[in-house]
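So Swiss-Prot lists these for the protein:
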| type | residues | note |
| --- | --- | --- |
| BINDING | 80, 85, 100 | [2Fe-2S] cluster binding site |
| BINDING | 171, 174, 177, 238 | [4Fe-4S] cluster binding site |
| BINDING | 181, 228, 234 | [3Fe-4S] cluster binding site |
| BINDING | 186 | ubiquinone binding site |
| DOMAIN | 28-119 | domain '2Fe-2S ferredoxin-type' |
| DOMAIN | 161-191 | domain '4Fe-4S ferredoxin-type' |
| REGION | 1-22 | region 'Disordered' |
């Protein structure tokens, strides 16, 4: 269960203000959460005013500009810049999304950027994903089969069976959905959350997997699965347009069928 008493250093204070010295054609203020555990200080919100006429169109472009030209200590994850790797997931203007595909022009007023909520912060905009990945490992995300591996071909799958994986395999494990889920906020130590459960259903739905029963038994738990209350935050925030709530519903239906319900 989540700890309800906030530690003293959880209070976010006003930080430094940075402004470009040259005249700006399209000035824009970006407020960024800053936290360094090595400094033993409270988190702060630093303000950066940049010229949008001299940067790219996405939030990640602005962050890179700030890091390269204003404050090299700003810390965040990024890699592909194409919405594929999930590294740059963060909370932007109150919504969990990917910085690399979030247009600056979609946001009115000051831009507010925080790390993904309800995760320990490693530094600045970098969340600790260790627990999330441990939960992913727990569902055994690989084909489990007792049949021998074909000697001269892959494990074949019909087009119809392959289509059952659409809307599942595209998940990039960015954790935007799980960290937008109130049930995961309060029970993240036991509840697997929408991202991991969508991944679990991806293997349950795979016709090449022979361990559907075993997988369903592992998920049939008051906390692992049934903390989902169909709030739908996960589906609303997914940057890939997936529907984790639907996948969770299908898992629940399969378990009910096993019990003749």
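Note: Cβ is positioned from N, Cα and C throughout, glycine not excepted.
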Within its own chain, what residues at least 6 apart in sequence put their Cβ under 8 Å from the Cβ of residue 171 ([4Fe-4S] cluster binding site), listed in sequence order?
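Same-chain residues close to residue 171 ([4Fe-4S] cluster binding site) (Cβ under 8 Å, separated by 6 or more) are 195, 198, 199, 202, 240, 242.
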Quick one: Cα separation, the residue listed as 'ubiquinone binding site' versus residue 228 ([3Fe-4S] cluster binding site), in Å?
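Cα to Cα, the residue listed as 'ubiquinone binding site' and residue 228 ([3Fe-4S] cluster binding site) are separated by 11 Å.
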Cβ neighbours within 10 Å, counted over all protein chains: which one of the binding-site residues 80, 85, 174, 181, 234 has the most?
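Sorting the candidates by Cβ neighbours within 10 Å, the top entry is 234.
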Applying a 10 Å Cβ distance cut-off over all chains shown, what neighbour count does residue 228 ([3Fe-4S] cluster binding site) have?
22
My understanding is the cutoff is Cβ-Cβ under 8 Å with a sequence separation of 6 or more in the same chain; which residues meet that for residue 238 ([4Fe-4S] cluster binding site)?
176, 177, 244
Nearest to residue 174 ([4Fe-4S] cluster binding site) by Cα distance: which of the binding-site residues 80, 85, 228, 234 is it?
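That would be 85, the closest of 80, 85, 228, 234 to residue 174 ([4Fe-4S] cluster binding site).
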Quick check: of the binding-site residues listed here (181, 228, 234), which one has the Cα closest to that of residue 85 ([2Fe-2S] cluster binding site)?
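That would be 234, nearest by Cα distance.
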